[in-house]
Amino acid sequence: MSFKMTQNQYTSLYGPTVGDSIRLGDTNLFAQIEKDYAVYGEEATFGGGKSIRDGMAQNPRVTRDDVNVADLVISNAVIIDYDKVVKADIGIKNGYIFAIGNAGNPDIMDNVDIIIGSTTDIIAAEGKIVTAGGIDTHVHFINPEQAEVALESGITTHIGGGTGASEGSKATTVTPGPWHIHRMLEAAEGLPINVGFTGKGQATNPTALIEQINAGAIGLKVHEDWGATPSALSHALDVADEFDVQIALHADTLNEAGFMEDTMAAVKDRVLHMYHTEGAGGGHAPDLIKSAAFPNILPSSTNPTLPYTHNTVDEHLDMVMITHHLNAAIPEDIAFADSRIRKETIAAEDVLQDMGVFSMISSDSQAMGRVGEVITRTWQVAHRMKEQRGPLDGDYVHNDNNRIKRYIAKYTINPAITHGISEYVGSIEPGKLADIVLWDPIFFGVKPELVVKGGLINSAVNGDANGSIPTSEPMKYRKMYGQYGGNLTSTSMTFVSKTAYENGINRALNLKRMVRPVKNIRQLSKADMKNNSATPKLDVDPQTYEVYVDGEKITSNAATELPLTQRYFLF
């Protein structure tokens, strides 16, 4: 016996299926479903009169001991990831994703990958989008409240440095020395997100660098405010090669110790993460952008210049002055700030992101960037580039999957690969920590509906606690049980160096969180950056600052209007 229904009826019950497209927020981007894991007519849905009931889609015999019985199922979700746009159920067990497929009761249903039992809870995601928790790899740890703001935007991992509101932290993403690193590892016990800290990379004595790696730093930051000399950079890379950690570089804006070519000569063929590669955030003026052409450079850019708008240049001078402890009464300080703000390279930045030449996007939080806007600004850039450059190869009307996969990789899998944590986070794949963000498509990229952290709901839009229903106004983000008691430590990870992990840093500091080592970093190249591995020839005109890709000038127009803006923030 069969039953037929219209496409609209099916979508209203179970969400979109193969060939259907979903508009992302109010952007011009459409995600088209490539595959649906459901068996039509046997979809598992929860609620009164629905199929997830005892003896139906819920198996009455199984116990949690069965490896295929889920603790949590996210049902009928549209998964948008760097490698897929699919409709599926997600099975979560012990805080980790264990399957992506079809959930239900194998006794009466076909092709069941995930068993729903009496020990299984359900998050109904029909008509909703699911993405991996975002990863921000350029965080100045200035204010603990950054974690909550980021979490409510869909970011679940922070990497960077700092010790609070010190001048060093405001400027340089550095947690310097074993004492500070240990204190920040202890402070992370109270944060609702995954974290990893970078130490200070300036020292000619390798012991001063090694002791920071041994203390738990996941890498070193070489920053011009501490002196980004070729010598300091080379010594830091030597230590990184020995201990399999990453080097993040904020290069020498003033070209005091050498030019871009001197920096690259010091780097040789060794891998590093180049921060804000366009240069407005800092780095060799005016041609740091050329470093993105090198196969050993993993380039990111930060959100204050993304996307390029008619306000971008004007707001940056004051931001540079404050962030880098400059004095407006000193002409040299003004000149330093001016040298970093070039509308020509800023206008090229969006295009390089769209071409996959720049591989990542991060915040530069409270040091010119906005910690809660990484995801929003990423999709604004994607919208603007489709508007100006048209569809990417392989995309067509109501199908922007190639562009969508490129852009989501910039704040999920590529940052995870770059910093050696892709075994744990960065995508919706079996074996990874269940850091998952649920979106209503209308609010995609702006305001998540809820955030699952380590398999438990961590933050969600919810109503007044005294309301008769969960949607009683005011509806706002509220802490969920993932942020209370022992769950604060049992659902999040702290990343450390392999040597610190092997030497028992968790026991030495009595850390309760899941402590995991970074790994597989030093053999990386840009070819490992998913959907963002282009290495064209880049040139910058030293007089006009115009940017050329393989001899062709690239630029973009300053936006005067953007999606994902005012209509979402009226209240």
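Using the three backbone atoms N, Cα and C, a Cβ is placed for every residue, glycine included.
Not measured: the values here are computed from a predicted model.
The candidate list HIS276, HIS284 contains one residue that Swiss-Prot assigns to the Ni(2+) 2 site with LYS221, HIS250, namely HIS276.
The Ni(2+) 1 site in Swiss-Prot is built from HIS138, HIS140, LYS221 plus one of ASP364, ASP393, ASP395, ASP400, namely ASP364.
Each of the binding-site residues HIS138, HIS223, HIS250 was ranked by the number of other C-beta atoms within 10 Å, and first place falls to HIS138. Relative to HIS223 (substrate binding site), the binding-site residues with Cα atoms inside 10 Å are HIS250, the candidates having been HIS138, HIS140, HIS250, HIS276, ASP364.
Other than LYS221, HIS250, HIS276, the residues of this chain whose Cβ falls within 8 Å of the Cβ centroid of the Ni(2+) 2 site are, in sequence order, HIS138, THR172, THR173, VAL222, HIS223, ALA248, LEU249, ALA251, TYR275, GLY281, GLY282, GLY283. If you take every residue in the domain 'Urease' (133-571) and average the pLDDT, you get 95. HIS276 (Ni(2+) 2 binding site) and ASP364 (Ni(2+) 1 binding site) have their C-alpha atoms 9 Å apart, to the nearest angstrom. Separation of the C-alpha atoms of HIS138 (Ni(2+) 1 binding site) and HIS250 (Ni(2+) 2 binding site): 11 Å, rounded to the nearest whole number.
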